[in-house]
Each structure stands twice: as structure tokens, then as C-alpha cells.
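*Asks:* The annotation transmembrane segment is assigned in TrEMBL to 103-122, 189-209, 244-266, 286-308, 365-385, 391-410, 468-488.
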Amino acid sequence: MNGSSKPLTFSINNYHYNKTNQSLNTDDDFECVKVEVRRKFNSNWHELRQISDLDNSCPNQTTVSLMRCKKQIIHPFRNLLCLIGWRPIGVDSFKRSSILLKILNIIYPIFILILLLFNYVYEIIVCQGKLNVVTDTKTTTTTTSTSTLSPRENFTMVNWSSLVPPKPIHILNTSTLNAPVCGHIFTTYILPDVLHIVAFIIGFVYFRITEGEPMYSLMEKVFICTDQNMRKFSPNRVIRRLKIFLLIGSIWVIVSVATLALSNAMNDFAHPLIFNRQFQKQRTSAKYSLFVLDILCLLVSNCIHLAITMNFVSHCELVVFYCKAIRTRLEEKSIHLHEAMKQILDLGSSISQLNSAASRMMSILVVYFLERTILGIILLILNQINEPLMYVYRALYPIVWFSILMFCLGQAARVTSKCDKFHRISLSMRVYGYRTATSTDLDGFLLFLAKAELRAKLFGLTVRPGKIISIIVTTLVICVILLQTNIIHTTNFFFQ
């Protein structure tokens, strides 16, 4: 026991029919974790290991916060990874994996891949979302005669000049017309699908190898560094912020799937290329079956977006809290300069992990989100279909993709902005001094911060708030000029 007062019990109880029960209970140093191991010997070998968390009466609040964060944040995120096939099912269980479970973990990722491939092909066939700028922004018209002649026996002539030419009847998405051909298939569907499948493959390899441990290890460092008494970066605030991110992401998935479901509903859940008059009897059951399958594919596809985005923005948020904790201690002069340099170096390692695979996946999806946002704005401006549902769909589509795009870019910009404040603090320390540090120590600290790569990157480029704001303002000015000069001509009242 090495003089330790840790409680340790080991008991062997013999039961009838030659069963043996072995149990081992041990608690950690803070009496916060209870570990129980039981083994039973019979005709079949069975082993059960159980780790249970105690209540909040644990004297170590950091351990309690970590346990709560793991339960409320890590477990739901891992369930999301299992849903999209990036994490084996049942890997967190202490029981030995059965053969059926191992087979399921091989088949399930293949099933997810088949769903994605089906979604890619299906959306090209049905022109999903009606994203053709030329044909899908105008109303399809057809003319039908509305004049009728009452039959009379002595009626000998008709005054054709008195007949009024029939008015065109506006019909939206009718199945009696020829199947429209999707325009700009490569830029509208093929290119985004290629980006999506590449991000899926990178995420599959990344999470299967690392199992999300970089984010969890960073979470432990943040919780150790944070102070329970400091409201700005307490563990409870970290957990609350990550829970809000998870909730917002779940709402985004529901809204994005509902937006595309609205598009399918406006097209009668079908497409003339698949359904025609010859199959009217089978049409109802088949079209709704394809609609449900399409919604399932869209749900999986958007869950992949959510997993990549949650991994990136949560990592960014933890880095921001870690940065705040170090910076506050430097401002209070409550930490030794050499210890602060160690923590900043560790912070740089966490940012390097952020800029590796997580940044590559996020960079690919940023292009995807940007392409969808631009296309949605163009369709909204050029829309000539005066239908309330169409306007709702055209307005929701760019909002959905622009919101998640700005969320990702904003988090990356926050990391760079918060880390840049270290330079301001170091200049203040050089002028006013820092505890017992000499001028040579402060000069070395300045040089150390100059060489430290404390910047979040996408596409290998540093993301800063000023860059994002300047790009948005420049884009808005260009759009206003194009609309005012009628280079972009629209009949929409709001954009005239």
C-alpha cells in the first residue's frame, strides 16, 4: 500500500454450481471514483468491469466538473460519431465485444457510405433544392382555353373576333411537363458532393485513430487551469457554453433538413423524371418512400457537418478559455514567468492540433458552406415565383448555410484575437516590470511570444476578425453597386 490510506477491498465468494465471484473495489485519491471488477467462471467466461462516479460531494471540484462535462458533452458527441460511423458502436462498454457487434461495426460504416452515395446520385436526378438559376426562378406557364360554346341546333356561325384570348394559367412544378434538365450540375451538385465525401473520409480516419482524445485532453487542461471562483472562465461556464453549442448544432440540423423537406413538398415529393402518368397507382407509395429515404440521407449528411463543426468550434472555445486563464494570471501577476511560458507553449501545442486535421476538415466544409450561401443568395434575388412557400424556402436556404459558415469563421477569429492579447500584456510587462523578473527575462518573454504560433488557421491562412469583416463589407458594397446599376436585374420588389 506504500503507506497510502486508499481503501482497497478484495473478496472471493464461492457459490453453488462451481461459480466464483471476485470483486475489487478501489477509490481514487479524492474518493471520487469507484471501480468494481467482477469475474464469474462457469461454462462461459464472463467479465464485468464497472466504473461509477460518486455524487457532487467529492472534495475535488475539478474532478466533479470533468465528470459532468464528460456526461453532458463528451458522451452526446461520441453518440453522434457512432451515428455517422466514425466511432465503433459499443466501444465505451466494459463488456467484451461480441462477434455480432464486431460485424455490425464493419457493416454500419459501409451502410452510411452507401446512403451518402445514394444521396449524391439522387439529388442530381431530381435536381434537389431547385437550384437552377435559369429555370427554377421562373414560373412554368401553359395556356388553356377557357371559352365554351353552348350547343344549339340553329347555330350556323361563330364570331371569332369576339372571343377573348385566354390568359395564361401559372402552374408550378407540374408532372405533365417534360422533365427539366439540371443546369450547372458540376458546380451545383458534383463539386459540393466531392468536398463532402473528402471531409467524410478525413473525419472517419481521424476519429477512428484519435477517438477525439485531443479535445478531451485539452478539456482536462482547461479545467485544471480554470478557477471555480472566477465567473469569466469557471468550469461551469465552459460546460454551459459547450452545451449551448451542442443545442444550436442540433437545431441547425433540424432546420436544414426541414428546409430541404419543404423544397420536396413544393414539388409534390416527386420528380417527372422518375414518376410519370404510366405509374399513377404506384406513385403515391413510391414517392413517399423515396422522400423518407431522402430525409434519412440528408439527416446523416448534415450530422457529418455537425460533427466536424462541433469538433472545430468546441476545440476553439476550449482554447479561448485556456488563453483567458493564462492571460488573467499574467495580468494579476499571480504566476511565475517561467510557468506562464510553459502554459503558453502547451497552448501553442493545442492550437497546432487544432490547425491539423480538424482545420483541414473545416476548411473543406467552409468552401461547401460558402458555395451554398452564394447560390442561395442569387436564387433569392432572382426569384420570380410569387408563392409564399417559395419565398420562405428561398430565404431560409442562404440563412441556414450562412449561419453555420459565420459560426465557424467567428470561432477561428476569436482564437486569433484572444491570443494576440498576449503581445499587449508582454509590452506592458516590459514597461512596468513583472514581479522579480529582470529585463533580460522580459526581453526573452517578448521574443518567445513573437516566435509562438498562436493563430487559428483555415486553408493554411490565419483567420482574423478584421479580414472577415472587410470581406463581408466589400461583398455587400459590390452587390449594392450591381443591383443599383441593373447589372443584376431582378423583378423582386425588395431588391429593385
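Placement of Cβ uses the backbone N, Cα and C atoms for every residue, glycine included.
Those TrEMBL annotations? Automatic predictions, nothing curated.
Are these features on the surface or tucked inside, and what are their neighbours?
*Replies:* Beyond the transmembrane segment (189-209), the same-chain residues lying 6 or more positions past its ends with a Cβ under 8 Å from any Cβ of the stretch are 81, 85-88, 109, 113, 116, 120, 123-124, 128, 182, 301, 304, 307-308, 357-358, 360-361, 364-365, 367-368, 371-372.
Among residues of the same chain six or more beyond the transmembrane segment (286-308), those with a C-beta under 8 A of the stretch's C-beta atoms are 77, 80-81, 83-84, 86, 112, 115-116, 118-119, 122, 128, 196, 199-200, 203, 249-250, 252-253, 256-257, 260-261, 264, 268-270, 274-275, 279, 358, 361-362, 365, 404.
Same-chain neighbours of the transmembrane segment (365-385): 131, 133, 136-139, 172, 187-188, 191-192, 195-196, 199, 305, 308-309, 391, 394-395, 397-399, 401-402, 404-405, 408-409, 458-459, 483, 488, 490-492, 495, counting only residues six or more beyond its ends whose CB sits under 8 Å from a CB of the stretch.
Outside the transmembrane segment (391-410), and at least 6 residues removed from its termini, the chain residues within Cβ reach (under 8 Å) are 129, 248, 252, 255-256, 259, 262-263, 266, 305, 309, 312-313, 362, 365-366, 369-370, 372-373, 376-377, 379-380, 383, 458, 463, 468.
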